[in-house]
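What Swiss-Prot says about this protein:
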- 22-160: domain 'SIS' (DOMAIN)
- Gly39, Ser40, Ser84, Ser86, Thr89, Arg136, His227, Lys322: D-fructose 6-phosphate binding site (BINDING)
- Glu211: active site, proton acceptor (ACT_SITE)
- His227: active site, proton donor (ACT_SITE)
- Lys322: active site, proton acceptor (ACT_SITE)
Amino acid sequence: MEDLYLSWPKWFSEALARYSSLEGALEGVEEIYYCGMGGSGAAGDYIEALLSIYAPQGPEFRVVKDFRPPRPPRHRGYGLVLASYSGNTLETVECGSLLSPAAGRVVAVTSGGRLLEMAKERGWLVARLPGGILPRVSFPWMLAASTAMLSGALGVDLEALKRLAGGLDTQGLKGEAERLAGFISRYRIASLVTCGPGIPLAVRLKNELAENAKMPSRLEIYPESSHNDIVALEAAEGLYGAVFIWIEHEGSLCPAVLDVVEGIYREYGVDTISIESSARGGPNATVAEYLSRTLVFGLASVRLALMRGFNPEETPPIDKYKRRLGEALRSQA
């Protein structure tokens, strides 16, 4: 799988070119719902974080990782993105069935399946994904499609972003991944510590560790975790190491918060490693940073899988869940 992750910069640049026809597809919409599960939902998390940095007065962007949103839309005519690599994700198909009738603009991000059929039947826009790859490895295509749809709100120049992504130093990133994997391999559990716009990165690392390396992890999101999770340090020494995920940006208190937390971790004898990024270079650079950090996490998780004796491609519990959920829903129909 390493070769697939190392292809990401090339794929992302290709995807930006492929999806240029979607540029601005969701501009001017005040409310946007993004329905997607697992790796397909991850791109929505990243776009939500990017909007919080570069378009705080922009559209309300709601990521739905369920059969339906927790609250129904307030107005008709909202934007809707339905992301499912296979096109058959039950939760996403159901979310689309519920939300599409009142939506003003709908985009299906998929390689095929039921979602593509629905798009053709109902005249939705489609960001067609390449087939034959693992869903979680399709992340650069998902991110490129979503970025193109909201390039204006994000302040992204697709041509400039294409050049930035294509110039990423994959060998340097591979070295970072090896260091991260070596650190995490010393512990039974990884503690992932972050704040603000680092949250989608930490969630992605958690998921990559689970799917590829079959390794449990714990997620601490600050400042909230300072009121609960941090107390586990009392019994943490030797049990877990901590990965601190920083994204510095103008006006953020997160760097100060994480600096304090890292000091406390060390007082309790817990080893730490930092993954640092910056949003000060503008939206193009930040999207490229998100892509590069996520690539590092993918490579590190594959390396960990091999160190731990697991096949990173296989996910038997997910297969069982999908099969049994389908059976359960059919029995209720």
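Any Cβ shown, glycine's included, is placed from N, Cα and C.
Reduced to three states, the DSSP call for Gly39 (D-fructose 6-phosphate binding site) is helix. Among Gly39, Ser40, Ser84, Ser86, Thr89, Arg136, His227, Lys322, the residues given in the record as binding D-fructose 6-phosphate, the maximal Cα to Cα distance rounds to 40 Å. The Cβ of Thr89 (D-fructose 6-phosphate binding site) lies under 8 Å from the Cβ of Gly36, Met37, Ser40, Leu115, each of these being in the same chain and 6 or more residues away along the sequence. For Gly39 (D-fructose 6-phosphate binding site), other Cβ atoms within 10 Å of its Cβ number 21. Summary for the binding-site residues His227, Lys322: the Cβ-based neighbour count within 10 Å is maximal at Lys322.
The most densely surrounded of the binding-site residues Ser40, Ser84, Ser86, judged by C-beta neighbours within 10 angstroms, is Ser84. Using CA atoms as reference points, the binding-site residues Ser86, Arg136, His227 were checked against Glu211 (active site, proton acceptor), and the closest is Arg136. Cβ neighbours within 10 Å of Glu211 (active site, proton acceptor), excluding its own Cβ and spanning all shown chains: 23.
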